[in-house]
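To start, the structure itself, in structure tokens.
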Number of protein chains: 2
Amino acid sequence: MSKHEKIGPEVESSLINADAQVESFRQTRNNRRTELVEDYVELIADLIEDGGEARQVDIAQRLGVAQPTVAKMLKRLISEGYIQQRRYRGIFLTEAGQKLAELCRERHHIVESFLCSIGVSPETARIDAEGMEHHASAETLEAFKAFLARATPPRRVAGQA
Amino acid sequence: MSKHEKIGPEVESSLINADAQVESFRQTRNNRRTELVEDYVELIADLIEDGGEARQVDIAQRLGVAQPTVAKMLKRLISEGYIQQRRYRGIFLTEAGQKLAELCRERHHIVESFLCSIGVSPETARIDAEGMEHHASAETLEAFKAFLARATPPRRVAGQA
DNA sequence: ATTGAAAAATAGCCTTGGCTATACTATCTC
DNA sequence: GAGATAGTATAGCCAAGGCTATTTTTCAAT
């Protein structure tokens, strides 16, 4: 810590291991950097599936941002290899983009379903899932899935004992 | 949508109501703006409780950022009325700051406990909670709390058949 | 083929939240 | 009380992700 060292037993009130906490915050900051990319890719996949194409204006409208903001972001997506773009033409997902979109969709769906399953209303689940999905680690997602499987015995077809 | 209107029945593949989606994204963007404030206030409260004071260097070390970054952020916290600062002296939480810290801590604790209760390991729960807590609405928190109450029958009181 | 509207590109600005480097106080020690 | 040192303040940089205003291109319709 600071000047007056305090290396003692540590009261451990709410202060956990410092290094661990740093890691949490670091991870959260990193997640934030990739959140937008994921949102874009997921949305683009949805738009293409739904209407055969994803235009900047539609993306902008869906995200609630201005078109130039989308244009700038698309450049980033291109440089990161998730989409391809032909000037004044459409946007296409690359292999990597499709893979990422698939992942995001599944994750999104798991989180949203999970929230619903514990009694959150669909509208709130949608909103909260939008924010939470990017912070759910693989382990947490597995736990969600396991819970869903337990809590939603579809009939009893996919028998689990 | 774009030029070719498409106002029909909408396949509704993955595309939900546009306005609703815009709201989700807007909300998520807004959350991001307050996340940092909350992390700071929560951490400052912890540091004060633990060591009697919260120094910039300690905050910086805990968050994994540089000291000037903290200094800049503290100015924002001051302007938003969460802390007070005496030049070259300590940092103190205002009434509002303490209230916010309390809220964050509780929320944080609920999310972390909840994750643990569904089988997520403590370390992962800590990391994920750090990112998720800011996106959990009041309703979702209530659901988490209710679940915890159900899932953690202090003895066997709240029997479930 | 022209033209006019819609979409995309571009220019240029702002704010936030990072950083380094450096200057300034306080405080502890001698 | 004079220095050294630790902590804080400040200056100035950068990248990301917003915005508005404007230009360029495409496309559809005449």
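Cβ from N, Cα, C; glycine included.
The feature domain 'HTH dtxR-type' is assigned by TrEMBL to A:33-94.
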Across the domain 'HTH dtxR-type' (A:33-94), DSSP labelling yields 40 helix, 6 strand, 16 coil
Looking only at the domain 'HTH dtxR-type' (A:33-94), what is the mean pLDDT?
94
